[in-house]
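Report on one structure; see the data block that follows.
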Amino acid sequence: MNTIWIAVGALALLGLVFGAILGYASRRFAVEDDPVVEKIDAILPQSQCGQCGYPGCRPYAEAVGLQGEKINRCAPGGEAVMLKIAELLNVEPQPCDGEEQQAAPVRMLAVIDENNCIGCTKCIQACPVDAIVGATRAMHTVMSDLCTGCNLCVDPCPTHCIELRPVNETPDSWKWDLNTIPVRIIPVEQHA
């Protein structure tokens, strides 16, 4: 019975010693993050789509905060994200498409040819916003409300049954921006 208590005590002592060493090391070798980069990263939509030319939202936030990259390259975030970053950095807002002369980008939507889909789930694994639903060896489909048109699901498909199609702007497909219409709350007087 004493050997069990000795073993338990030895393990507890080892846990305390290694915990203290890890605690000291985490404080001693801590890397300070730039608070501006953290704020920019919090503003970005975290879709990790790569449309900005960076592998994810965090590298793009670091490029904007530390290297002075353009603030208008986040396609899923659009103008709202660009304006928030411009306000945070106290810089002039830039056109969302990067150049004044270019036409506004057409919203694209991934469409799966369900007759040719073999249910391999490679597109589901590639989608950064979970816009594709389906199960193994079953038909997959794209939820159009969630799809950002990032093109990351097209290449992994072994049967090439996914294509990007432009979305026709109709009242049903339009993404309404609630900030475009100024809303004012009017106080109501209650009469007894």
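Any Cβ shown, glycine's included, is placed from N, Cα and C.
Annotation comment: Swiss-Prot describes 1-26 as region 'Hydrophobic', evidence class sequence analysis.
With DSSP states grouped into helix (H, G, I), strand (E, B) and coil, the domain '4Fe-4S' (32-91) comes out at 32 helix, 0 strand, 28 coil. According to Swiss-Prot, the feature domain '4Fe-4S' maps to 32-91, an assignment based on sequence analysis.
Taken from Swiss-Prot, the feature [4Fe-4S] cluster 2 binding site covers Cys117, Cys120, Cys123, Cys157, and the record attributes it to sequence analysis. According to its DSSP assignment, Cys120 ([4Fe-4S] cluster 2 binding site) is coil.
According to Swiss-Prot, the feature [4Fe-4S] cluster 3 binding site maps to Cys127, Cys147, Cys150, Cys153. Secondary structure from DSSP puts Cys150 ([4Fe-4S] cluster 3 binding site) in coil. Applying an 8 A CB threshold to same-chain residues 6+ apart, the list for Cys150 ([4Fe-4S] cluster 3 binding site) reads Ser47, Cys49, Gly50, Gln51, Ala75, Pro76, Pro128, Val129.
Across the region 'Hydrophobic' (1-26), mean pLDDT in this model comes to 94. Taking the C-alpha positions, the distance from Cys127 ([4Fe-4S] cluster 3 binding site) to Cys157 ([4Fe-4S] cluster 2 binding site) comes to 12 Å. All protein chains shown were included, and the count of other CB atoms within 10 Å of the CB of Cys147 ([4Fe-4S] cluster 3 binding site) stands at 20. Same-chain residues at least 6 positions away in sequence with a Cβ under 8 Å from that of Cys157 ([4Fe-4S] cluster 2 binding site) are, in sequence order, Cys120, Lys122, Cys123. Cβ neighbour counts within 10 Å, taken over all protein chains shown, single out Cys153 as the most crowded of the binding-site residues Cys120, Cys153.
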